[in-house]
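Asker: Annotation source Swiss-Prot lists site 'Transition state stabilizer' at N171, citing similarity to another entry. What Swiss-Prot records for G247, S248, T249, G250, V251, G252 is NAD(+) binding site, and it gives similarity to another entry as the kind of evidence. The phosphoserine annotation in Swiss-Prot covers S248, S501. For E270, the entry in Swiss-Prot reads active site, proton acceptor, with the evidence type sequence analysis. Positions annotated as active site, nucleophile by Swiss-Prot, on the basis of sequence analysis: C304.
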Amino acid sequence: MSTKLVDHVEITVPTGKTYIQPVGLFINNQHVDSVHGGRVKVYSPSTEKLICEVADADEEDVDIAVKVARAAFQTDAPWRKFSSAQRGRCLSRLADCIEQNLEYLASIETLDNGKSITLARGDVQAAADCFRYYGGWADKDYGQTIETDIKRFAYTRHEPIGVCGQIIPWNFPFLMCAWKIAPAVACGNTIILKTAELTPLSALCLTKFVPECGFPPGVINVLSGDGRRCGNAISSHMDIDKVAFTGSTGVGRMVMRAAASSNLKKVTLELGGKSPNIVFNDADLDSAAVWTNYGIFYNSGQVCCAGSRVYVQEDVYDEFIKRMVAKAKTLKVGDPFAEDTFQGAQVSKQQYERIVSYIESGIAHGAKLEIGGKRHGNLGYFVEPTILSNVTEDMAVGKEEIFGPVLAVIKFKTIEEAIRRGNNSTYGLAAGVHTNNITNAIKVSNALEAGTVWVNCYNLLHHQIPFGGYKESGIGRELGSYGLTNYTQTKAVHINLGMDSPI
């Protein structure tokens with residue numbers, strides 16, 4: 001095991017403030033170097049400049065983290081002796097630390113990810129709320145007593161799974177830490193979390209608070225590294241009991257194969273989407289224009305549930321496009337540290353180039369460019385909010401996940417057509433319905449094959465409400481009480497109270 005401690009570097013953000021940034025792997029409540037001393041260069045997508053270098057974990061570092069997590073999960077270890085209420089207090093203290101350091105964490109998130117500072121603050125507060133919520137659940141998730149007959153007593157227990165591997169994406173780095181860590185720890189598991197290679201900084205900042213919040217060594221471990229070595233090692237490790245992954249459907253398949261071919265570990269997957277946002281003739285068009293803009297341009301379009309397909313009923317099609325374009329023109333793109341910026345940078349040059357190539361493909365295949373379509377500014381990976389009309393579902397922009405600020409607009413005639421076309425996707429993460437007819441709202445919501453349906457709104461998530469996908473958008477649910485089921489296994493106990501001998 002690497003015993004070389006790696007402390008931190010100082011980072012100055014564009015506002016002039018200087019913050020402490022941990023750069024080592026967080027294993028056993030210490031920041032340590034990777035075994036082989038590898039480094040990951042971290043760049044700011046808004047400036048294209050190097051921020052710092054962090055430790056690069058490989059298979060050997062994963063092995064070390066698994067060993068300490070397994071040791072922390074042993075029945076005689078301090079963590080296993082914590083009461084459920086004690087676990088809850090640790091999580092609540094972590095929520096307090098996050099709130100007390102909100103500006104620090106949001107600034108690091110904005111520098112590393114490129115999202116606007118206002119969105120980053122919202123993410124950090126939502127993460128604190130999530131930790132506090134699951135802190136409250138820690139002593140409330142229990143089994144049942146089951147009456148069968150007078151000579152037998154039975155009950156169930158919800159027991160932790162064990163050592164859990166967790167792999168998070170780059171679009172919501174800090175918030176995804178909370179979504180993964182909080183329910184797992186509330187249930188009594190130990191975890192090894194892998195950050196996204198592009199955005200490791202805020203998760204490493206979170207680890208500063210773990211020891212002071214009372215978590216014993218080995219309970220929470222955080223590794224920065226790439227998917228090929230670190231992520232694959234977690235997915236295929238024989239001593240990890242469960243893996244939770246958020247990211248693309250393609251990588252989700254790889255995680256699932258690795259989990260199945262190793263020790264058949266339990267899997268939770270929150271994957272991609274090409275979500276339909278359906279606008280009916282009777283909708284409040286101004287309101288719907290706001291929500292469809294928010295549904296695709298929020299977080300620079302880098303949202304798994306982004307409403308990237310907008311279906312508009314034919315009678316209001318032309319007028320609604322005008323209103324969407326008018327709203328898109330009001331959205332400020334640029335410096336993510338400016339308080340009035342709505343849309344920041346795309347996360348990387350590769351992602352920027354991918355988005356631009358989709359726009360070019362759509363136009364080449366007959367889509368009409370209503371607004372945007374090109375780079376914003378000369379520095380940083382900014383893409384203008386882009387709306388394409390006259391899109392058909394055989395175009396790449398109409399059926400593939402772009403993960404950027406690109407909206408495909410498609411015309412429809414009837415409710416039945418809207419449902420059929422909305423469901424015409426391999427994905428099923430989310431959908432939106434805009435109408436003033438409550439009967440149609442419920443009818444369409446019930447018929448759409450999606451894990452979340454928003455009516456007259458979009459992109460509203462909350463830690464109390466489950467989130468996850470149908471079809472190729474994932475397996476399992478995160479958040480709410482449903483999120484606890486990902487991290488527990490049910491044991492049934494039968495007690496003989498005087499039954500006759502069976503033989």
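Cβ from N, Cα, C; glycine included.
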Asker: Among the recorded positions listed here (N171, E270, C304), which has the Cα closest to the Cα of G252 (NAD(+) binding site)?
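Answerer: Ranked by Cα distance from G252 (NAD(+) binding site), first place goes to E270.
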Asker: Round to a whole number and give the Cα-to-Cα distance in Å for the pair N171 (site 'Transition state stabilizer') and V251 (NAD(+) binding site).
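Answerer: For N171 (site 'Transition state stabilizer') versus V251 (NAD(+) binding site), the Cα atoms are 15 Å apart.
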Asker: I'd like to know which of the recorded positions V251, C304 has the most other Cβ atoms within 10 Å of its Cβ.
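Answerer: When each Cβ's neighbours within 10 Å are tallied, C304 tops the list.
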Asker: When you measure from the Cβ of E270 (active site, proton acceptor), which residues in the chain that are at least 6 apart have a Cβ under 8 Å away?
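Answerer: Residues satisfying the criterion: F245, T246, C304, F467, G468, G469, S473, G474, G476, E478.
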Asker: Specify all same-chain residues, apart from the site residues G247, S248, T249, G250, V251, G252, whose Cβ lies within 8 angstroms of the center of the Cβ atoms of the NAD(+) site, ordered by sequence.
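Answerer: For the NAD(+) site, the extra neighbours are F245, R253, M254, V255, L271, G272.
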Asker: Measuring Cα to Cα, how many angstrom lie between V251 (NAD(+) binding site) and S501 (phosphoserine)?
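Answerer: Cα to Cα, V251 (NAD(+) binding site) and S501 (phosphoserine) are separated by 53 Å.
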Asker: Can you check which residues sit near T249 (NAD(+) binding site), meaning Cβ under 8 Å from its Cβ, same chain, 6 or more apart in sequence, and list them in order?
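Answerer: Correct list: L271, G272, E401, T426, Y427, E472, S473.
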